[in-house]
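Residues or ranges marked as ATP binding site in Swiss-Prot: Gly32, Ile33, Ser34, Gly35, Gly36, Ile37, Asp38, Ser39, Thr133, Lys162, Thr184. As annotated by Swiss-Prot, Mg(2+) binding site applies to Asp38, Glu138, with the evidence given as sequence analysis. Taken from Swiss-Prot, the feature deamido-NAD(+) binding site covers Arg113, Lys146, Asp153, His244, Lys245.
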Amino acid sequence: MRALDYRAAIETITSFLSEKLEESGSGGFVIGISGGIDSATAAYLAAKAVGTENVLGLIMPYYENNDVEDAKLVCESLGIDYEVINIKPIVESFVSQLGFQPDKRSLGNIMSRTRMILLYAHANQLNRLVLGTSNRSEFLTGYFTKWGDGASDYAPLINLYKTEVWEIAKLLGVPGRIIQKKPTAGLWEGQTDEDELGISYRLLDEILWRLVDLKMPKEKIVEELGISVEKVEYVEGLVRRSEHKRRLPVGPEF
């Protein structure tokens, strides 16, 4: 992986957030707190940038599990205000009007977009900006919901790979329990990122860095990492198929 100066990265991100908030004339940030490392790290960076009093966390569970307690731990350890909103009745009300029963993936996307609506409702009401929590690993592979968790005003982690977020979280003092837990999008019970992606984040990041940033030939990646070409092509496919998720809608030019 690249040799990133994590302390310098923290300063770059916090300066960016402070400047953008001032430019916008907004009163602070609203962040969805899931109980995972990405939202925790984004919240810690935001609080460092603009003060804890200017950061609101929204905890928006669908299932009753330990994620809510982890999310509360993040907010309380950091000292930011937070609200808990159970999205299950909202999602169920929406689904009841569809005329069909959505499959697991569609339901997960509905959950994610419901959270986005709640984040922006609070941000609009409070004259604040929504901070996204997606990292570069998710962004490049399309592992996010379009117009759901991929929607935000600013995304402080968007140029950090997942393995780099872990290192920055340690420096910021994110609780160890959060750093050590298995990454999950929380879209259904028992779901984990790495199971759904079909690859560990550590290997994924090594491949992505070489494939996307260095534009290294596949054969060289195989040689350096000691993996099969099929594994590299699998990641390459994730990047290619998710291109539409990384840009605004486009049409033909005339």
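Note: Cβ is positioned from N, Cα and C throughout, glycine not excepted.
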DSSP three-state assignment (helix, strand or coil) for Asp153 (deamido-NAD(+) binding site): coil
Least buried by Cβ count (within 10 Å) of the binding-site residues Ser34, Thr133, Thr184: Thr184
Residue from Arg113, Asp153, His244 whose C-alpha is spatially nearest that of Ser34 (ATP binding site), among the binding-site residues: Arg113
Among His244, Lys245, the one of these binding-site residues whose Cβ has the fewest neighbouring Cβ atoms within 10 Å: His244
Spatial separation of Asp38 (ATP binding site) from Glu138 (Mg(2+) binding site) - C-alpha basis, Å: 11
Fewest other Cβ within 10 angstroms of its own Cβ, chosen from the binding-site residues Arg113, Lys146: Lys146
Which of Asp38, Glu138, Asp153, the listed binding-site residues, has fewest other Cβ atoms within 10 Å: Asp153
CB within-chain contacts under 8 A for Gly32 (ATP binding site), separation at least 6: Ser39, Gly57, Leu58, Ile59, Met60, Arg115, Leu119, Thr133, Asp149
Collapsed DSSP category at Gly32 (ATP binding site): strand
Distance from Thr184 (ATP binding site) back to Lys245 (deamido-NAD(+) binding site), taken between C-alpha atoms, in Å: 20
Rounded to the nearest Å - Cα separation of Asp153 (deamido-NAD(+) binding site) and Asp38 (ATP binding site): 16
Structural state of Arg113 (deamido-NAD(+) binding site), classified by DSSP into three states: helix
